[in-house]
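> My structure is below; once you've seen it, I'll send some questions.
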């Protein structure tokens, strides 16, 4: 650490190098924080969580009980032991609450005054955070598995929605209506994700084992379908369509730079794809246990070298190195299956929610202080002169 600081101070290193090194160290030292609790509000499993990017302070959660909760993650107590309090709740007593399980919640990317939720009650609701009332309600014909808003869009305000229907719905926040339908899947759409690099690029995953990549400005269909065999017909099955997995595809996640796309499937595999040409990078993550019949929320690290991916795996969260597939660690703490996890890029922390109704906080181990060497004090001229600590101002000079 001191070497990085010295090189940065002298102008020998790019400041980003120190940031990446420390971010990587912190992710590699994640552990369950016993000093930080999150208010237990949900009476059933936690399906989805989201942390807003404006302040990095407020977290949304949606549960199988239909309840939505907003938490304040900031510690204002002045003590290391504290509880992340629920600021507000759309509970069972509210007339606006979802009737069935909430599958996805997401903050509006540019303002914490609005968030969106979707549910098995066949609705997607756009909420005013101040009043906790829906400003808009979209009705669908089947259960809503997922939705997603682009984190970078400036030229459109579309929400992609995956439902029990085979068609991907695009809803416009400005007009409050469904304006476009993307047809190509042959099964339920379990996951949708906008690219963080190009605002018109959308990836969708379905129970038909396929992942399609779309440019929503085109009316002629998807750009391409991901093929796990990269066009090698000798390995492919006799089916005419390309498949990304040999089971349901229930998890999608772009890397922060948008250059790669991660997918998870019920064939117990996770694959990394080049998002520009749809090629399988053939990174081997080994067996990634996945029995979820719904969408699985995975997440990736930010500003690390190398980058990491966090995947719910049974009652644990598996941490893999993104480009090598190495299993770094298993974060164990839940008493039942984990359904979702969310990385906090500002503090390199991880939050996970599971069927045990708990939201757990995983934080980096505090770096131990430098310890003085014992028995090395030397007497010079009748005076006792201590050893200089590596982190002291004397050492810097």
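Cβ coordinates are placed from backbone N, Cα and C, and glycine is handled just like the others.
Note: TrEMBL annotation is automatic and uncurated.
Straight from TrEMBL, here's the annotation block:
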REPEAT    95-137  repeat 'WD'
REPEAT    182-217  repeat 'WD'
REPEAT    242-283  repeat 'WD'
REPEAT    331-362  repeat 'WD'
> List the helix, strand and coil residue totals of the repeat 'WD' (242-283) as derived from DSSP.
0 helix, 19 strand, 23 coil
> Could you please provide the mean pLDDT value for the repeat 'WD' (182-217)?
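PLDDT averaged over the stretch: 96.
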